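Visitor: Before we start, here is the structure in question, set down as structure tokens.
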Amino acid sequence: MPRVVLNGVTVDFPFQPYPCQQEYMTKVLECLQKKVNGILESPTGTGKTLCLLCSTLAWQQHLRDAVSSLKIAERVQGELFASRTLSSWGSAAAASGDSIECYTDIPKIIYASRTHSQLTQVIRELRNTAYRPKVCVLGSREQLCIHPEVKKQESNHMQISLCRKKVASRSCHFYNNVEAKFLEQDLATPILDIEDLVKNGSKQKMCPYYLSRNMKQQADIIFMPYNYLLDAKSRKAHSIDLKGTVVIFDEAHNVEKICEESASFDLTPRDVASGLEIINQVLEEQARVTQQGELQQEFIVDTSSSGLNMELEDIAKLKMILLRLEEAIDAVQLPGDDRGVTKPGSYIFELFAEAQITFQTKGCILESLDQIIQHLAGRTGVFTNTAGLQKLMDIIQIVFSVDPPEGSPGSLVGLGISHSYKVHIHPETSHRRAAKRSDAWSTTASRKQGKVLSYWCFSPSQSMRELVCQGVRTLILTSGTLAPLSSFALEMQIPFPVCLENPHIIDKNQLWVGIVPRGPDGVQLSSAYDKRFSEECLSSLGKALSNIARVVPHGLLVFFPSYPVMEKSLEFWQVQGLARKVEALKPLFVEPRNKGSFSEVIDAYYQQVASPASNGATFLAVCRGKASEGLDFSDMNGRGVIVTGLPYPPRMDPRVVLKMQFLDEMRGRSGVGGQCLSGQEWYQQQASRAVNQAIGRVIRHRHDYGAIFLCDHRFAYADARAQLPSWVRPYLKVYDNFGHVIRDVAQFFRVAQKTMPLPVPQAVTSSVSEGEIALKDATLSSYSLSTRKAMSLDVHVPSLRQKPIGLPAAGDSESSLCGEYEQQTFSAQQRPMGLLAALEYNEQKAGASEEQALGSSTPSLRCEKRLSTEQKGGRKKVRLVNHPEEPMAGTQAGRAKMFMVAVKQALSQANFDTFTQALQHYKSSDDFEALVASLTCLFAEDPKKHTLLKGFYQFVRPHHKQQFEDICFQLTGQRCGYQPGKRELESKLTLSEGVDRQLDPGQHLNQGQPHLSAHPTSKGHTSHCTKVGCAVEKPGQPAVSDYLSDVHKALGSASCNQLTAALRAYKQDDDLDKVVAVVAALTTAKPEHLPLLQRFGMFVRRHHKPQFLQTCADLMGLPTTGKDLELEGPRDESPTVPPELTHEDLKPGPSMSKKPEKTQSKISSFFRQRPDESVRSDDTTPKPMQLPPRLPHELMKPHRSKQ
């Protein structure tokens, strides 16, 4: 590799660096050698990541060589080098004037970026260099943990708590193997990223999370996300020592926002209520254990400890603190216009002091909260959601992050913090509450609107100064969009002696930039608030897009100011037919809101652009979104970028308003207005930086070329043009006529395609791991499955999506219990005409059962098969071949392959590996119980994956099919199509028979035989009528969903939530009296609700059914003979349970080990244990729980907080 000497340091570079790259590396070395901070801006595509790595590692190697030479000189006591001066051993040591002792430990390099995907790209660049340092990548347990039990935890903090428990008790064998295998050569040598760590950890059976932490001690360069550095809690959790280190923030335009967000919080009524519910649950459990003396039996969870080591009085005090905090927030008077009130930052200490949360008590409170979270770690179910408690812990740590000096009051600290913080209290709106609802208590009826407590930091200097105070040697901030550098440095409030604003490395014929103020119809293009949704603007923008798509080759990127603007535009274009015109030119791909679907969509876009038969593709995204940050759209993937407007922050958002006020106050207080940003300047800068990030997608390397379209008339203003990158402004041109835009762009691309070298052919770029790239091999027609699904606009745009009839509303609590039941689709099959049609009809009929099971989970697969048939003229062609290379999509093997693709898309890589291992084990051992246990963990907990469990029916062997269908119905409420009384066919005479015989027998579970099918039945479920009421199940809908829907209609949302909560509790504790008490209280108030009590029998477990029958007879005044009263539900040997109840719950527990004695239960016994219920019987009154004498009685009442 070429070598270049810069500032006395020899740098190995993969190629001869360009002048701007040499200048960039010179500035980096200047920062390192002088031990000063630097802000370095270099346009995207100039190779700043490569320059950063090569220059810093070259300096580190140079320093290491210098120190080694000095140590050799000392060892020989100066005999060999007595005449040499210190400066001759290297400028790095001499220039700084440090003694030899300062370099005993070579400074570590900490390289931080926004996301792990960006860090993966950086590590990929590192592998292309000549340097081979010791590398460490830090990640979270969510990314690195491979322990099955820990991975199943729903939240990150629960994973942390359970992991710590297992590590402390030495019960995690993956952790135990780390120390033994850490020093093995194959792990210490290579450069590992996150995916490599997980692969090696799984292979070596050791924990990747703690492996990376051990590697950190010996690493030369450590990679981590921003928040690990900027958040004091994360620094402490990962034991990051910054003293003497070199810290590099890549993509540093996000640092300001991350600094402010890491020091801010929003406390909602839901968070307080969640914490109170958990504390109340623990309080009741501890009181019960204290009374019964059964502490050891009730609370041992995976450890040898005796349980929660807290007194009842301490738990009660903790509950009282949260109640007082809630009361203090509610006591704040708000104006009647829902705007909220703003107070200085020091007010947070006054508010918390009312709840007895102070500098003196914070330690005890944090310790108590941590004990409860650790105690509940590993439990499952909705009532162990400790997210609220974890958030309270984080809030207390943020507020009291700076301890006052000894002997001084905490009020002095509060006065100092008030300059950077504001407290904002505002009412919680119903739409926010519905949008964030994810747990049982969030839908509890509230008569009084709750209030949100916000504590916002408006100065990034708060976190940055704290970072520098840790002893950082050099801090380097770099990005492609930092200008203006002076204002950026002022916001950080730390010195940056070294600054650089680099030009680009491209020539004039590689970039075209045009401001397009009007569309083809002459209508002014604007994304201003009053015009963005007007039909004239939307229509003109759509016409402009369709015209630009005609002249821009290959990939075209379109960036909108926000998701609502993009979705509204797409909705309008769909109605007006404009989207269809663009689709005909370049298929549309839409950036999804959720992170999980993004990799699928972007990979499909890459594949579409790379297809030789296509004209490219159009990718619709949003500024500040995932596509605008760090993704590679080089060469054909991004020949054009359209920016449809200026993405200003929401002007009326309280946080934006307060930020602008804060900057104006700071500017007035400083007295030097020209040196500080005003609020309006910051507001404009936020929009321009987002635009500049989007623009940076088009030019990614020296020989790349592309066009930039700024489609908003406000880009023509002088202040907006001045905010554009310096390397873009020389190419800028304002067009008054849209026709001239098309003319010039067409000419630009004609010249560029003739003069610029052809891009080097590369593999299809992917944003996911290598294991997930295998999905692209499952192409079923001219486009892959992922491409088909990604091109479905209604999948990613909610406004275009039709809501299925009969599904519960998104906010209903029963939806979380039932899951999402997809409706069955029935299509009338036409009578086959002709021989070919008859053959195709027979094949489709033979595989109807498996295809139905698969099709309900992946609608895109049905579309795929239909489109494939349409492209072939609506009739399947039959070709006789001897050795087909891969199965056809219509065969059994083809459907199996489609199912595996769907499973791999739905599961993570680790879970998919578990799935394949379960398949292999079932094939070799025929162990059906082990198979069901594995499938239950993978598919039963998430309602969205229920149809995948149903689709697995095609792989089940004949003698297990009926048993599998019963289990599937119990877990999901869906049947697989098994027909009792009909023998499963052992072979099929279909067109795919020859194909199946050629397949590798290892792909089949039935000893190499074809997959067996079962024909679906359309008769539906048998209904059971009784004297009380009769319920007829609707075809294709589970009985559970019908019942909960009827409860919701009859009793209301609050009562339905109460019933589902009791049902979940019954699932866990098997306490029939408790659940019947709730159901009876809800359904016996009115005679017309009594059938709901009788129908509840579908949930009652088998050993409880006689007792439940007797109870129903007593409550409804019916005869007590079992012949006269029957329970509704399936008449099988297994109890009917809601879909969320897993297969493990069907196994006998401690309370189910033997059949209970038959007792005569009265309604009074049900209410005796429910002091919080208001329903009373004629012959009894509720009795409160017996408490220890010293415990306040009112604290044992269940808290009904505002939600």
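Glycine residues also receive a Cβ, built from the backbone N, Cα and C atoms like all the rest.
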Visitor: So Swiss-Prot lists Cys145, Cys172, Cys207 for [4Fe-4S] cluster; which of Cys136, Cys163 goes with them?
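Guide: Looking through Cys136, Cys163, the residue Swiss-Prot assigns to the [4Fe-4S] cluster site is Cys163.
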Visitor: According to Swiss-Prot, which stretch among 199-205, 871-877, 941-947 corresponds to the feature motif 'Nuclear localization signal'?
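Guide: Going through 199-205, 871-877, 941-947 one by one, Swiss-Prot flags 871-877 as motif 'Nuclear localization signal'.
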Visitor: Per DSSP, what is the helix/strand/coil residue tally across the motif 'DEAH box' (250-253)?
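Guide: When I sort the residues of the motif 'DEAH box' (250-253) into the three classes, I find 2 helix, 0 strand, 2 coil.
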Visitor: Relative to the Cα of Gly45 (ATP binding site), which of the binding-site residues Cys145, Cys163, Cys172, Cys207 have a Cα no more than 10 Å away?
Guide: none
Visitor: What number of additional C-beta atoms lies within 10 angstroms of the C-beta atom of Thr46 (ATP binding site)?
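Guide: Here the count is 24.
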Visitor: In the motif 'Nuclear localization signal' (151-167), how many residues does DSSP put in helix, strand and coil?
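Guide: Counting residues by DSSP class gives 13 helix, 0 strand, 4 coil.
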Visitor: Sort the binding-site residues Cys145, Cys163, Cys172 by C-alpha distance from Pro43 (ATP binding site) and give me just the closest.
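Guide: Result for Pro43 (ATP binding site): the nearest of the binding-site residues is Cys145.
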Visitor: So for Pro43 (ATP binding site), how many other CB atoms are inside 10 Å of its CB?
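Guide: I count 24 other Cβ atoms within 10 Å of it.
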Visitor: List the same-chain residues at least 6 positions away in sequence whose Cβ sits under 8 Å from the Cβ of Thr44 (ATP binding site), in sequence order, or say none.
Guide: Gly480, Gly696, Arg697, Ile699, Arg700
Visitor: For Cys172 ([4Fe-4S] cluster binding site), what is the secondary structure state per DSSP, taken as helix, strand or coil?
Guide: coil
Visitor: Given the binding-site residues Ser42, Thr49, which one's Cβ is surrounded by the fewest other Cβ atoms within 10 Å?
Guide: Thr49
Visitor: At the level of the C-alpha atoms, what whole-angstrom distance separates Cys172 ([4Fe-4S] cluster binding site) and Gly47 (ATP binding site)?
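Guide: Counting only the Cα atoms, the answer is 43 Å.
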Visitor: Nearest to Cys207 ([4Fe-4S] cluster binding site) by Cα distance: which of the binding-site residues Ser42, Thr46, Gly47, Lys48, Thr49 is it?
Guide: Thr49
